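Below: the structure, in structure tokens.
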Amino acid sequence: MPLNKDIKKVLVVGSGPIVIGQAAEFDYSGTQACEALKSEGIEVVLINSNPATIMTDKEVADKVYLEPLTLEFIEKVIVKERPDSLLAGMGGQTGLNLAVELHDSGILEKYDVKVIGTSIESIKEGEDRELFRDMMNRIGEPVIKSEIVTDLQSGIDFANKIGYPVIVRPAYTLGGSGGGIADDEEELRIILESGLQLSTIGQVLLEKSVKGWKEIEYEVMRDSYGNCITVCNMENIDPVGIHTGDSIVVAPSQTLSDKEYQMLRTASINIINSVGIEGGCNVQFSLNPNTFEYAVIEINPRVSRSSALASKATGYPIAKLAAKIALGYGLDEIKNAVTQKTYACFEPTLDYVVVKIPKWPFDKFFGADRQLGTKMMATGEIMAIGANFEQAFLKGIRSLEIGKYSLDHKKFKEHSMSELKDLVMKPDDERIFALAEMLRRDYMIERINKITGIDKFFLEKIKWIVEEEQRLKLSKIEDLDKEWLQNLKKKGFSDKAIADMLKVSPEDIYRLRDIWSIKPSYKMVDTCGGEFEALSPYYYSTYEQYDEVEVSNRRKVIVIGSGPIRIGQGIEFDYASVHCVKALKKLDIETIIVNNNPETVSTDFDISDKLYFEPLTEEDVLNIIEKENPYGVILQFGGQTAIKLANFLKEKNIKTLGTTADQIDMAEDREKFDELLERLDISRPKGKGIWSVEEGLEEAERLGFPVLVRPSYVIGGQGMEITHDEEELIFYLTNAFVKDKKNPILIDKYLMGREIEVDAISDGENILIPGIMEHLERAGVHSGDSVTMYPSQNVCDEIKGKILEYTKKLALAIGIKGMINIQFIEFEGNLYVIEVNPRASRTVPYISKVSKVPIVDIATQVMMGAKLNDLGYGVDIYKEPELVSVKVPVFSTQKLPNVEVCLGPEMRSTGEVLGVGRNLKEALYKGFVGANMYPSKEKGKILATINKHNKAEFLPIAKDLAKVGYKFIATTGTCKLLREEGIDAEEVRKIDEEKPNILDIVKNREVDLVVNTPTKGNDSKRDGFLIRRAAVERNLGVITALDTLRAIADVELEEFDKNKDLEVFDITK
């Protein structure tokens, strides 16, 4: 049956900011869904709070509302737009939870909005642990022995009855939040308390642990007529016990017998039919490796991280088809976009192997607990495709950008066998390297299988890789013959890995390959195992059979993507890459994307003319360049990942469009940059590059503390810190020089001024600044973690003039063609430059949307030779809009045990939301609500622990908050200070005093907000850390910068009815 004619206007709910457990995959699926609906003539209204996405571009939906994802704001959009339908399954867990809340609160019924796609009843049956378990029992699908609990004591009683270990799974949460495996009652109490608080319905499933069983997933599609297919089945290399988002995953599954495969396929179809899914659904099973016993773990009745992976692994666009099914189409009525011949009811066939490896953020968090479990901690992932497992796996390892090209890891060489055993039994993000080291020392595969639950098939494959590494280490380059090299390449070894083992350069291996004509061939991802001719230009490299790439004679450009999502390099760079491709297409240039992230829009096969799903390493990128012979390569939009290739491409005489390697070096090399600033008469905070701890101490003495220290050539403020005394500086420098001895450490005088930022475009003669952005928090908080305001609110015309002057001088002197990002500090009336990035930055999507200047489009045209004066947006500073927009950071620290919450110069946020208002206070209110930072006033209490440097600044803010009804709880010093100023305050004991003390108050959630300004270098930092962690783990707001608290107080003082007076704004207008 074709299109349901009653559907005219659909509201799509996005997934909001990127957090751990809900990343770029929902930008990809949401964008696909909106485009599928529009292609059918449906009017699409989108609400999503995330400005960094392609999904929130004005071209993707007919109406776009960048508003907080709360019932109040969604109701305002419904009232204004009057959609007839709601599509909920494209916004991840956030979208599902909101759809259920909209239904249960009566809003959908009130405005006569129907849910299309999977129904609310089916969502509840899939998400509510009790309803799901009951249904499985009804249809005869096995589930693990379990109990639904809503309080602590019932959970303890059940665990005692069935025995430990038990798995805790909260209902309606994201990425396993609040869950875990408890080995005893003490652990259960901690996990259960967290799970009950984080579940939106206060419900947790406790189940007997089947840790060590295989974890298998099926991605299934079903239409409203009951047609049902499995798109892809995937096997987690890590067994049950590690969240699938933190597992290495292989598709198709490699170790299932045909009987096991068919058994689980039948079960997944049985489940999806019984729940009544209409669209896509992910089903997770645990499978006993020794018998045919299996159990259903859970389902996701929506598109998910796994469905994005399955879409990219097979070329089958799940989200697009789910949207079409929601409109009434059957699977047998929708054409396969890849073949244009077959229909969506044909199950995809894979004649290659896909490996997904998670990307974890532990490089950002010194001292983090890295142990993996049922709670997801990865920020992103890479995907690699190969003709065999070894090839895909080794491609995956080098795609992670952790400096590893093989399984040989120096760190594990010093470990004893019992230490290695511990490491593989309590897995962390580096377990695979510990495993390889055990195999290198001939530890028996059977024993490793027993202690880890990892299938012998995978262990044997890893053993083969390790043995080849050892063989290479014992050889010389003269021993490497054509056959051996060819075999190593077929199994995924990179030139660099081979060269490192043979102690020669990658160039030596490249020359041998050239002499022997060992070149990669590129195969097409075609959904049908070569059965039908495919039209998708989507390729992966192998060293196998013939090449399927047709190289054209058109003028072509290669755009290098940004790789996996990580803190400091997120979805913003994918946004820039996609817009670059779109701009090139308009210029009739053939576009080629190279990227390895399965979650993103850039790796959708119909975005570019050709997509190469490959690692972003020198060798892999060079192979594609040699194949395609492009006019040039664009690195500017792929973040630091792409920029790192600049020098290599220069050595190979490959043309980079826009900014060159020398220009990048001028901006990033401290001495060259200082010389440039001096020549241009531009100020910067005093400082220099130092090469030893002693030199650092001398420089700090000359500058005076506090000083800002950081490595050179980093992104996201990685490794950056403000140090207040010699002890802290020695600790920092000692660690920094251990990590990197080849580059200097930069040391600057720290100025606590106003931070200002611009993204500008230069054509070599003129510049265009779309907008001047001002940071709410003073310098010292990383720009990615600051609340950013546009138009700037406190920057005078004189300073704006200087910003224009300095930006123009720098862009022209460096020779920028395209994008440049500059960060300034205004301090005591003077303007200083603190950083110049000769590339697109993470603020590009935000400033593009709020200034309505298509920045990437203009920058791309400029790179291809256009002049700013001819492009219709003028030069110098673009006119400011009437509305005020604020970008508010969103953090995922709750998901990462034992990591610091406090704001500082190293970036910690994973995502962002936008607040748009008629004035700054309205915009801030929306931004804080959208980021879940606004105090709920449920209890009206603020816990304040303020260090001595901040007490004078804190008092006027506290007075204002007291005026609007907040009460304070504080330790002795802060309490005394508040009372002296006539502010009502309740005293609380410190951590080391008897209970109930300050930590108990936080743990019992007796406050709405914790304000804690950290002290450095003494014991109270430890107290502060414990308080901040306890608050974050209980979902309480934590503020560590008084500028943020000042802004909240200003919003609270504002006399507007927060429900009635706030408008919602369509940004397409």
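Backbone N, Cα and C define each Cβ position, glycine as well.
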Select one of Glu695, Glu698, Glu798, Glu835: the residue that Swiss-Prot places in the ATP 2 site alongside Arg710, Lys749, Leu751, Glu755, Gly780, Val781, His782, Ser783, Gln823. Glu835
For Asn300 (Mg(2+) 2 binding site) and Gln284 (Mg(2+) 1 binding site), what Cα-Cα distance in Å is obtained after rounding to a whole number? 9
By DSSP assignment, list the helix, strand and coil residue numbers for the region 'Allosteric domain' (933-1069), in that order. 58 helix, 22 strand, 57 coil
The region 'Oligomerization domain' (402-549) resolves under DSSP into 79 helix, 10 strand, 59 coil
When the number of other CB atoms within 10 A of each residue's CB is tallied over all shown chains, which of the binding-site residues Gln284, Glu298 has the maximum? Gln284
